[in-house]
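Listed in Swiss-Prot:
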SIGNAL    1-34  signal peptide
TOPO_DOM  35-357  topological domain 'Virion surface'
CARBOHYD  ASN87  N-linked glycosylation site
DISULFID  CYS88-CYS209  disulfide bond
DISULFID  CYS127-CYS222  disulfide bond
CARBOHYD  ASN138  N-linked glycosylation site
DISULFID  CYS139-CYS148  disulfide bond
CARBOHYD  ASN230  N-linked glycosylation site
CARBOHYD  ASN306  N-linked glycosylation site
TRANSMEM  358-378  transmembrane segment
TOPO_DOM  379-403  topological domain 'Intravirion'
Amino acid sequence: MNRYRYESIFFRYISSTRMILIICLLLGIGDMSAMGLKKDNSPIIPTLHPKGNENLRATLNEYKIPSPLFDTLDNSYETKHVIYTDNCSFAVLNPFGDPKYTLLSLLLMGRRKYDALVAWFVLGRACGRPIYLREYANCSTNEPFGTCKLKSLGWWDRRYAMTSYIDRDELKLIIAAPSRELSGLYTRLIIINGEPISSDILLTVKETCSFSRRGIKDNKLCKPFSFFVNGTTRLLDMVGTGTPRAHEENVKQWLERIGGKHLPIVVETSMQQVSNLPRSFRDSYFKSPDDDKYDDVKMTSATTNNITTSVDGYTGLTNRPEDFEKAPYITKRPIISVEEASSQSPKISTEKKSRTQIIISLVVLCVMFCFIVIGSGIWILRKHRKTVMYDRRRPSRRAYSRL
């Protein structure tokens with residue numbers, strides 16, 4: 001009897017352990033989803049439209065990308081230079097060039113409505129990488145910028161979208177715990193009724209956090225400026241999100257979950273601003289000794305001498321699906337920018353980290369499977385032994401005959 005007693009206690013222990021593991025696994029997955037995180041602790045990019053918002057139209061954006069060189073001499077702002085030192089918080093990119101003056105001039109001319117576009121790029125050596133793009137239509141000049149009846153999806157570079165979002169003013173780019181590889185020249189392009197407002201900001205990341213996301217920089221995604229003649233978001237595999245505030249909350253919760261400095265209000269004062277650079281700094285930044293390697297008959301020169309300040313074929317807010325088929329240009333030889341010698345190590349470490357996570361997950365699943373198999377086997381054996389014991393102890397029926 002003692003043997004069966006101990007076996008029963010052991011079986012109950014195995015069953016309770018198995019149930020605890022299953023419950024913990026379910027709670028862990030549910031907690032990640034509730035916090036807006038994936039299994040690798042990276043933020044989830046919300047792509048669903050907010051319910052009941054009839055003003056959001058995905059058809060407004062025709063996926064056309066303007067050129068980062070869209071500029072005029074009338075709004076040649078200085079290049080702001082900021083240094084990021086708060087290693088586990090947010091980097092705020094807010095260059096010069098406020099659209100409120102353009103809206104004021106439209107209001108003085110008696111115009112009550114306007115259309116607009118906001119785009120962010122990171123510039124390389126004679127190339128540009130689109131980060132963010134959003135269009136607005138039927139906006140009011142009496143309201144702050146971005147107060148519109150129609151808004152397109154916010155189109156994001158997938159890698160930047162994991163740790164970045166656009167501020168509530170629709171203008172500032174916020175990056176959570178940036179790594180050193182994100183240092184560089186960024187440009188923001190605002191187009192209001194065809195009038196461009198282009199401004200640059202130079203970001204220098206001096207200190208990074210241990211969990212800063214690496215592997216965001218990719219030279220293949222930095223396209224030569226001739227790409228933007230017919231370039232679309234489809235050629236770049238950009239992701240569209242219709243819930244910017246949910247996107248913002250997911251990035252903030254991700255930073256707080258992994259130990260970053262979560263601030264209720266993200267302000268620009270966290271950045272150290274040094275002396276501004278002239279607007280001509282962009283031209284010197286573009287030039288590279290390797291530019292001539294990519295000049296051929298079929299490809300427009302990547303140097304700034306052969307690039308005009310037109311819109312590169314961009315005609316503003318249109319809704320012509322037939323234009324989607326007019327973008328056959330795909331970069332065959334990407335412009336290789338000058339990068340640090342240590343830039344390859346973050347990619348390798350990221351790959352090793354992901355492999356380690358996969359191996360750990362497989363080991364945990366195998367252990368859980370073994371627990372389930374062992375517990376099920378013991379349960380079957382116990383049931384079988386109970387049946388045998390019951391059959392042995394059951395009294396046999398004897399036939400009694402009358403005397």
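Quick reminder: no glycine exception, Cβ is built from N, Cα and C everywhere.
Projection of Swiss-Prot feature records onto the structure.
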residue : record                      : Cβ neighbours (10 Å)
ASN87   : N-linked glycosylation site : 18
CYS88   : disulfide bond              : 18
CYS127  : disulfide bond              : 26
ASN138  : N-linked glycosylation site : 13
CYS139  : disulfide bond              : 23
CYS148  : disulfide bond              : 21
CYS209  : disulfide bond              : 19
CYS222  : disulfide bond              : 24
ASN230  : N-linked glycosylation site : 17
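If you take the CA of CYS148 (disulfide bond) and look 10 A around it, the recorded positions you hit from CYS127, ASN138, CYS209, CYS222, ASN230 are ASN138. According to DSSP, CYS88 (disulfide bond) sits in a coil region rather than a helix or strand. Among the recorded positions listed here, namely ASN87, CYS127, CYS209, CYS222, ASN230, ASN230 has its C-alpha nearest to that of ASN138 (N-linked glycosylation site). For the pair formed by ASN230 (N-linked glycosylation site) and ASN87 (N-linked glycosylation site), distance between Cα atoms is given as 38 Å, rounded to the nearest Å.
DSSP assigns ASN138 (N-linked glycosylation site) to a strand in the three-state reduction. In the three-state DSSP scheme, CYS148 (disulfide bond) is classed as strand. The average pLDDT for the topological domain 'Intravirion' (379-403) in the predicted structure is 63. Among the recorded positions listed (ASN87, CYS88, CYS222), CYS222 has its Cα nearest to the Cα of CYS139 (disulfide bond).
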